Amino acid sequence: MANDVAVRAPFYANIYNLNGLWRAAACAGLIVVVGLIAYSNSMHGPLVFDDVAAIDDNPSLSPLWPLSGPLHPPAYRTVTGRPVANLTLAFNHALGGVNPVFYHAVNLLIHLGAALLLFGILGRTLSLPMLQTTFGADARGLALATAVVWAVHPLQTESVTYIVQRVESLMGFFYFATLYCFIRGATGGTRTWFWLAVIGCLLGMGTKEVMVSAPLMVLLYDRTFLSGSFSVAWRQRRIFYSALAATWALLFWLVIGSGSRSGSAGFNVGIGSWDYGLTQFQAIIHYLRLSYWPSPLIIDYGTHLVRSPWSIWPQGIVLVGLAGMTARGIWRGSAFGFVGFWFFAILAPSSSVMPVVTQSMAEHRMYLSLAAVIVVTVACLYRLFGRRTFLLWMLVSMACIGLTRARNDDYRSTLILWRDNIAKCPQNPRGYDALGNALSDEGMIDEAIIAYQAGLSVDPLYVESLNNLGVAFHKRGRSPEAIAAFSRALAINPNYAGAHYNLGNVLAEAGRAEEARSHYLAALHLTPDEPTTLLRLGTLEMQLNDPFAAEAHLRAAIKAAPGLMEARFNLGFLVATQGRWDEAQNEMRLAVKEDPRSAMAHYNLANALAQAGRLPDAAVEYATATKIDSSMVPAHYNLGNTYALLGRYDDAVHEYESVLALEPEHPRAAQSLAAARLRQAGAASGR
């Protein structure tokens, strides 16, 4: 014993020997801290790309209650057919409107939660008998390294910083939660864990279609790591697997109900499965390259398709080889087979032969599959170099944090993001279109027109740019050019509802009401429940003196979007003109209830009350409107008139003076003020 020499273990070795609850908590805390560091500069990025349609132009987000509204998202949006994701956006909307900070914060919480679940899954899996001999001593450290790299990897930015891709990260959270809860239940936990797994799976099915593989993934995990065979797994837990499979019913119902995601995905969306499938060979190899060298990162690759198999034969050889190794691994019941199945099965719904018309490639599709790549890499390097790999993963994590923060900076402005996209992917016309939209939002209409035209030089048939070019022309007052752009878009795609709607707007403003009505009806035929189209059509029919059709369309708009106050205002005005004062007041009161801080809602209610002869009540509502918006000239003027009719001349004078202070050239305020002062003087002399 005298010759024994005490050897101090390397400082980093302790990471791999962590045990105990508090050490697990320390690991979890580290994951959270590095995640917060990586994404701390992502909180103030604006709404970009599909965020606008999913959040700012999504009437189902408000009101939050009843939940039937948020649980029925409208068509043609990222959240279509995904009610759970839409419900979380509605909660965000209730908390902070369209302020992006709240949405970014929730996205980050979801991502960190998913990373913690991944840590839990790996820590428990590597400690199972099948893997314990090889990895058990360092299971928690390996799980920590994998979860940290996964959490801060730059490839994840599209699923975290890009708000609407919450559908991906939230689905990933539920996917991990389903597997984690199953592992807890199957390794000594109570039955509650199994039911939590079913609930997680059900919520995931309501979040995104990629969740479809989760029941099979759990079964394969059971067979690979726990039961040893599918038959044993089924015999031991048939009730659980039956319940898990039953969650497919919700997914099936949502897919059917959304009409193949409103025509954005499926086998009948105008893109051949062969061409799309060939493109996925290129896409998946690209994703794998980005996993190891995450540059360049691109938010929108467009809809480029590979037409010839000869152009992707190297990628094909690699993927066929990986798929073959995965199949062999599954057959032999190996851990590699499970990891390979995780990679391919999760990518399959969007990266196989079922076309997604909006994007042939997208980085967010790797959100969950990236875990498989990192797991294999961490495990292989650990087998080769042992605990020394911790230093490597520490350096990799630091590099990933820097790259993730740099990518987050691209999201701080839509102009920066889309200029970056065009520089990296110049043949994508949608990038120019998005840049044009960003410029238009900044009030740079002429620059937006140039961007749209640049996109059309890449693809003259890109109808979205034609439509947006028409909108830009309309904003510039160039109505003939706007009409020409919309007409050209409709010549290319007669079923483009947005172009019909926008053309209807221009024609309505030009006094061509019947033509406008025909285009609104065409848009409505294509999107029957679109509330803004119903609103514009109903408003136009009021002008055309068709009160029955107007009322029907306005009520339909309110049904589709209860928070659409303009529809309530117009309906209230319509029924008021028919002498239906009680109904008018009811609609206006509902508008006030929807948004008590809306000056316009109180103003319109006051108008309805005044028309019904309820002047004291009208005065209260006018006064409320002026308190909310002290610059609202019509409210001050009508309040003055109401006070005058009530004989409150001192108050009337004050309101007319307020009108003239805000608008010195008001056509009637000076005359009304003079009359009120005369009556004020007469009332004073009479006293």
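Backbone N, Cα and C atoms are what each Cβ position is placed from, and that goes for glycine too.
Features of the protein shown, as given by TrEMBL:
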TRANSMEM  21-39  transmembrane segment
TRANSMEM  101-122  transmembrane segment
TRANSMEM  170-187  transmembrane segment
TRANSMEM  239-256  transmembrane segment
TRANSMEM  338-358  transmembrane segment
TRANSMEM  364-382  transmembrane segment
REPEAT    429-462  repeat 'TPR'
REPEAT    463-496  repeat 'TPR'
REPEAT    497-530  repeat 'TPR'
REPEAT    565-598  repeat 'TPR'
REPEAT    633-666  repeat 'TPR'
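Note on the transmembrane segment (101-122): residues 27-28, 31-32, 35-36, 39, 42-45, 55, 88-89, 91-92, 95, 139, 142-144, 146-148, 150-151, 156, 159-161, 163, 166, 169-170, 172-173, 176-177, 179-180, 183, 371, 375 of its chain, located 6 or more positions outside it, place their CB under 8 angstroms from a CB of the stretch. Beyond the repeat 'TPR' (565-598), the same-chain residues lying 6 or more positions past its ends with a Cβ under 8 Å from any Cβ of the stretch are 62-63, 531, 534-535, 538-539, 542, 547, 550-551, 554-555, 557-558, 604-605, 607-609, 611-612, 628.
Counting residues of the repeat 'TPR' (497-530) by DSSP class, helix then strand then coil, yields 27 helix, 0 strand, 7 coil. Counting residues per DSSP class in helix, strand and coil order gives 27 helix, 0 strand, 7 coil for the repeat 'TPR' (429-462). For the repeat 'TPR' (633-666), the DSSP counts in helix, strand and coil order read 27 helix, 0 strand, 7 coil.
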